[in-house]
Amino acid sequence: MTLFDRVFNGSDAVYGLTEGAINAAIEKHGADKEVSFPNTAYSLPCYYGVTGTKVTNLGELKDALGVAKSLMTREKRLNDAFMSGVATALCAEFIEVLKYIDGAEPYSEPCYGHLADAIIRELGVPLVTGDIPGVAVILGKAPTADDAAALVKSYQAQGILVTLVGDVIDQCAEKGVNMGAGVRVIPLGKDVTAVIHVVSVAIRAALIFGNVAPGDAGALMKYTFERVPAFVNAFAPLDDVVVACGAGAIALGFPVITNETENIFRVPKSLIVQEDVSKFNATSLEARDIKIKITNIDIPVAFASAFEGEIIRRK
Amino acid sequence: MGDFKLTSVDEFEAATARLLETGAKVGADSWQLRVKNQSPHCKFGETGVCCRICAMGPCRITPKAPRGICGCDVHGIVGRNYLKFTAGGAATHSDHGREICHTLYLSAEDGNYKVKDPEKLKRIAKEWGVETEGKDIYDLAHEMAELALLEYGKPFGTQRWLKRAPQTTQDIWDREGIAPRAIDREVSTSLHMTHMGCSSKPEALIRQSLRAGLADGWGGSMCGTEFSDVLFGTPKPIDTEANLGVMNAENVNIIVHGHDPSLSEMICEYADDPEMIAYAKSFGAKGITVSGVCCTSNEVAMRRGIPMAGNFLQQENVVLTGACEAIVVDVQCIFPALGPLSKCFHTKFITTSPIAQMPDSEFIEFHAENAGENAKAIVKLACENFVNRNKDLVYIPDMKQKATVGYSVEAIVKVLDGVTNSQVDETGTTKPLIECITSGVIRGAVAMVGCNNPKIRPDHAHIELMKKLIANDIVVIASGCAAQAAAKAGLMDKQSKDLCGAGLKRVCELADIPPVLHMGSCVDISRMMILAATLAKDSGLKISQLPVVGCAPEWMSEKAVSIGNYVVATGIDTFLGVDPYVSGSSEVAELLTNGVREWVEAAYTVEKDIDKLVDSMIDRIEEKRAAIGI
């Protein structure tokens, strides 16, 4: 199967799920039921960023799904694969927002789910100054828990903001990795759709700091491509849904590094197969052209600005 | 997106119309007028059914006269004409290559010509099994030049360069009996076969056409390209400008036109000389501007960034600006009309090669031995001529575009190294390009080559085809006048990435390249063969399986037919916008567009409708992708 077919299949699958979820929600709550994420001025930030339209209730969400569907064209061109990937991301946002109906709190420790505007504003300045030199999005299940912990710590030591989606969260917890926004390791959620909460960060960064007009998708993607130094580490096995999400990430300019070797196509600087997970860090930084300015201080504990927010508790 | 804008063919034509007004004032002839005089063309010639290879004729074939006097039928006549056409082209490129080999033979540490890329020379020497260790580079150059010259007339064996092709391709050539032997021999054999009373069987004639073509592409042209690189440097990305606006009204304008870089390199060398610049100033000019026309222009643009004034059908326009002090030519594609035209102005029309002597020109015979002094004499002559300029006639259209050129295979591989990841990839291969193609980010590649032809609106086909191809994520590699059309329009400006589909645009951004890559002159189509061979080897596919096609939408010369034959014989489908005088024979037309596929896994498509031509290329590329499951 070609890479584009995998993307298209993945976006079709996600569309199907989203359509079912929205219809079920309308049946349960009615089309006028309000939907929103907590603590954001940007409605559904991804959808708002891409289309310029705010979604307030389930009926509008259904309309928005129609817009997402219109992006899922199946021509054999990268633009179509990109747009299908973006549409997949939008569907993920729709699925996620449904979790918040009636002020529900769908995520609990250690997962964050949706991130408030305040956190983005806080992270935005160090991101722009290069104090946070990159954003790692780690997705799936590492070959071993040790691999997961080592990878996260390697980024953390470089000051890179790490977000986690899927089984990697449990793997890190198992290894006692200290997680939280304060130490720049943010577990988002166990479902793959939770990845949208980091995409939402990049898009809100463009809206807040980049002064990109909502709905100017071209300018949005240019900003994220040039200014948001994010990259994705996706562990094997990759299903079509993850591949479709990956297309969305690549559309925003974020390279995807994976250890998947089955039925995968390599794309220079964008979709890189690195079988050795211990080299994910070096491969990712080179792929995203992230240069770390670091002086190695030989001390018995980790040292990086990421640990500035750490809280020491009594045992 | 900035203020980047392509220059349109309409704008080209408006500028030409304005220049023709000047021409009318001074009583100049023009190709536009001569086309009118020659139209309509003779149908017998146009369909290839007229034969005049012996004095029993001329014969022509009609339904009432189905055979010539010797009894040859229409298929034999059309096939012979086609083979003769090919032989003309192969001879032309090959003789060019031979001149370069001779120049290499005369290279010397303190001579006019030096070895500028010794590494490339050593690389070729290793390929040919020549010992390089401890050898003086000039001794090696002379040894290699002699070996290369022997390729032209060796009594036994086939071309050395064939070994560069993938084994599968070499096997096809062997199986079909078309591996070219000595270069000159294939040309001679072609002329022998087409003599009265020799071959009249279409299969035999077309097979030899492919072989003569291969003797060019994988023989003469490859010698020309490879040893030009050795002598003058292997091209690397360099910025330049294109279109008539590169000429400078305040400077002495020297135009180099033709093909062989031995002449133009020397002229450029002297035009840069402070002594010459001071000399130009002594006549009231502010400096010296050298710009080029046709393939000699491509050569100096690729290596020196010398601006390109125009392509084939713009050669008269250069003189019509009234600001051309000298147009210096060597061989091939030079309008004899430049002689009478230059007489209408102060322009000196300087011929330099015994191969191309023309009335109404000043003949300054140019050889490798006297290159320095003659180049200097020519530059001086141009400077002295500045005072004769009639200022009332000067009009240089304010029209030029930026272009990044210089994409030799070596440069392309270097660009590709730039997008590798040192943690996972090896460098020095075409694999990143293959990955872009197999993933679908780039759909394929089209090699756009060839001339201008008044039968097609000049440059329109080149530019429109390229625009549609890049919008469909198909990368274009270009050479010859096709490349210059692209440069004039602005398609070699990196900013033209915004005209691409998302895939090619991303590639242009990451690799920092324009979407149309200038690979050089017409002999440099041999570079494209090497690129195709490398892609095949790096991907493990056959050349014929790659989603790559060739296209010559506005072709005109015999050389273009020779090129077409070697491209097809290398396994690459080739698309033509002008019929090669074969429509008079159903058998020959069928062979070329279909039958040869059985032999070499590729064939021609002739389509005069430009929109259909580009669509059929895109379809073919998608078919090739589907066939290998990408």
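Every residue number used here counts from 1 along the chain in the order it is shown.
Yeah, the Cβs are placed from backbone N, Cα and C, and that goes for glycine too.
Automatic prediction, not curation, is the source of TrEMBL annotations.
According to TrEMBL:
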- B:Cys42, B:Cys50: [4Fe-4S] cluster 1 binding site (BINDING)
- B:Cys51, B:Cys54, B:Cys59, B:Cys70: [4Fe-4S] cluster 2 binding site (BINDING)
- B:His259, B:Cys295, B:Cys333, B:Cys451, B:Cys481, B:Cys522: [Ni-4Fe-4S] cluster binding site (BINDING)
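Taking all protein chains in view, 25 other C-beta atoms sit within 10 angstroms of the C-beta of B:Cys333 ([Ni-4Fe-4S] cluster binding site).
A separation of roughly 38 Å, to the nearest angstrom, links the Cα atoms of B:Cys70 ([4Fe-4S] cluster 2 binding site) and B:Cys522 ([Ni-4Fe-4S] cluster binding site).
Among the binding-site residues B:Cys42, B:Cys59, B:Cys70, B:Cys451, B:Cys522, the residue whose Cβ has the fewest other Cβ atoms within 10 Å is B:Cys42. Comparing Cβ neighbour counts within 10 Å across the binding-site residues B:Cys51, B:Cys295, the minimum falls on B:Cys51. Surrounding the centroid of the Cβ atoms of B:Cys51, B:Cys54, B:Cys59, B:Cys70, where the record places [4Fe-4S] cluster 2, the chain contributes additional residues within 8 Å, namely B:Arg52, B:Ile53, B:Met56, B:Gly57, B:Pro58, B:Gly68, B:Ile69, B:Cys72, B:Ile77, B:Met196.
Every protein chain considered, the tally of other Cβ atoms within 10 Å of the Cβ of B:Cys50 ([4Fe-4S] cluster 1 binding site) stands at 21. Each of the binding-site residues B:Cys54, B:His259, B:Cys481 was scored by the other Cβ atoms within 10 Å of its Cβ; the lowest score goes to B:Cys54. The record gives B:His259, B:Cys295, B:Cys333, B:Cys451, B:Cys481, B:Cys522 for [Ni-4Fe-4S] cluster. Within 8 Å of the mean position of their Cβ atoms, the other Cβ atoms in that chain belong to B:Cys294, B:Asn298, B:Asn311, B:Phe312, B:Gln332, B:Gly480, B:Ser521, B:Ser557, B:Lys559. In this structure, B:His259 ([Ni-4Fe-4S] cluster binding site) belongs to neither helix nor strand by DSSP; it is coil. Taking the Cα atom of each, B:Cys51 ([4Fe-4S] cluster 2 binding site) and B:Cys451 ([Ni-4Fe-4S] cluster binding site) are about 26 angstrom apart. Between the C-alpha atoms of B:Cys481 ([Ni-4Fe-4S] cluster binding site) and B:Cys42 ([4Fe-4S] cluster 1 binding site), the distance comes to 27 Å. Considering only the binding-site residues B:Cys54, B:Cys59, B:His259, B:Cys333, B:Cys451, B:Cys42 ([4Fe-4S] cluster 1 binding site) has B:Cys59 as its nearest partner by CA-CA distance. In the three-state DSSP classification, B:Cys59 ([4Fe-4S] cluster 2 binding site) falls within a strand.
Take the Cα of B:Cys59 ([4Fe-4S] cluster 2 binding site) and measure to each of the binding-site residues B:Cys50, B:His259, B:Cys295, B:Cys333: the nearest one is B:Cys50. When the alpha carbons of B:Cys54 ([4Fe-4S] cluster 2 binding site) and B:Cys522 ([Ni-4Fe-4S] cluster binding site) are compared, the span between them is 33 angstrom. In the three-state DSSP assignment, the secondary structure recorded for B:Cys481 ([Ni-4Fe-4S] cluster binding site) is helix. A straight line from the CA of B:Cys295 ([Ni-4Fe-4S] cluster binding site) to the CA of B:Cys50 ([4Fe-4S] cluster 1 binding site) spans 32 Å.
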